[in-house]
Amino acid sequence: MPLLLLLPLLWAGALAMDPNFWLQVQESVTVQEGLCVLVPCTFFHPIPYYDKNSPVHGYWFREGAIISRDSPVATNKLDQEVQEETQGRFRLLGDPSRNNCSLSIVDARRRDNGSYFFRMERGSTKYSYKSPQLSVHVTDLTHRPKILIPGTLEPGHSKNLTCSVSWACEQGTPPIFSWLSAAPTSLGPRTTHSSVLIITPRPQDHGTNLTCQVKFAGAGVTTERTIQLNVTYVPQNPTTGIFPGDGSGKQETRAGVVHGAIGGAGVTALLALCLCLIFFIVKTHRRKAARTAVGRNDTHPTTGSASPKHQKKSKLHGPTETSSCSGAAPTVEMDEELHYASLNFHGMNPSKDTSTEYSEVRTQ
């Protein structure tokens with residue numbers, strides 16, 4: 001009796017290890033979160049003559065699934081319900097009618113970790129390949145976007161910056177690009193895996209951060225890259241010197257030098273004119289003073305018949321007249337002296353007064 005009970009078990013085990021049913025698949029695969037992977041797979045099964053015209057359906061199940069109750073994660077059977085969390089992300093790309101059971105996984109998520117097995121059904125022929133199974137490992141997303149800057153950044157000149165994720169999958173959900181920058185920017189054209197930012201930097205933007213952030217919405221993960229802007233600033237109107245060259249320098253530099261030279265020459269000429277004018281005024285004033293002194297001396301003629309008293313009085317007033325030329329004596333006394341002298345003297349001034357006149361002229 002115990003032997004009769006063992007016979008069905010042995011028969012089931014023989015079906016499970018039936019050499020007519022075999023499968024080749026990569027036993028372990030690793031994929032980064034948010035990315036995709038394609039797992040090649042091939043299987044074989046015997047085809048009874050009565051099932052030759054039956055369609056072939058393939059299914060991928062999680063390890064431990066109960067076929068009659070649990071839904072597969074992927075299948076080529078159109079009316080078959082699949083697991084909600086894997087719908088649209090797990091796909092049976094291979095054609096089971098051609099013995100192809102290849103599986104595609106896109107927008108990989110952490111909860112996709114685990115083992116999976118394949119099952120085929122063709123008419124009355126149905127078989128689950130429990131060995132080997134596929135083991136899926138989902139790791140952190142370590143890839144980062146790449147930022148391309150063509151040429152150098154100059155203040156006031158627009159440049160197109162490109163952020164790309166060439167390592168992303170074509171079949172997955174298109175990533176979402178975001179830019180963060182303090183400089184004036186605007187969005188340019190974009191493709192599935194790249195975005196263009198039009199930036200017009202300013203001098204104060206040198207050394208500031210620019211970030212390109214990429215979100216993979218299908219997996220809920222984000223990656224980014226940050227760079228520092230290198231804005232090359234060259235002064236537009238330098239006037240500190242003239243540098244030799246081939247004549248191809250900027251007009252602004254030459255104009256600045258010419259304007260500086262003209263301004264310097266103008267200032268120099270103005271100073272020279274002021275000095276000449278001052279010198280002319282002083283010289284003219286002194287000449288007038290000298291002529292006035294000579295005229296006053298001529299209005300005091302002396303005669304031989306003049307009394308000694310008158311001569312003495314005239315000599316006493318001589319220094320007063322000389323002082324009056326320099327503005328030291330009062331004008332009233334000067335007029336009185338001139339009136340008195342004109343009535344009493346008819347001769348030339350003494351030689352002493354003449355020498356005094358030339359002594360004053362030499363002081364000019």
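Using N, Cα and C of the backbone, Cβ positions are placed for all residues, glycine too.
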Students should find that the motif 'ITIM motif 1' stretch in Swiss-Prot, chosen from 14-19, 266-271, 338-343, is 338-343
Range annotated as motif 'ITIM motif 2' in Swiss-Prot, from 218-223, 242-247, 356-361: 356-361
Which of these links to CYS169 by a disulfide bond in Swiss-Prot: CYS36, CYS325? CYS36
Disulfide-bonded residues compared (CYS36, CYS41) - the one with the fewest other Cβ atoms within 10 Å: CYS36
Measure from the Cβ of ARG119 (N-acetylneuraminate binding site) and count the other Cβ atoms within 10 Å, all protein chains considered. 20
Hey, how far is CYS169 (disulfide bond) from CYS41 (disulfide bond), Cα to Cα, in Å? 20
Would you mind reading off the Cα separation of CYS163 (disulfide bond) from CYS36 (disulfide bond), to the nearest angstrom? 20
State the count of C-beta atoms found within 10 angstroms of the C-beta of CYS169 (disulfide bond), not counting that atom itself. 23
DSSP three-state assignment for CYS169 (disulfide bond): coil
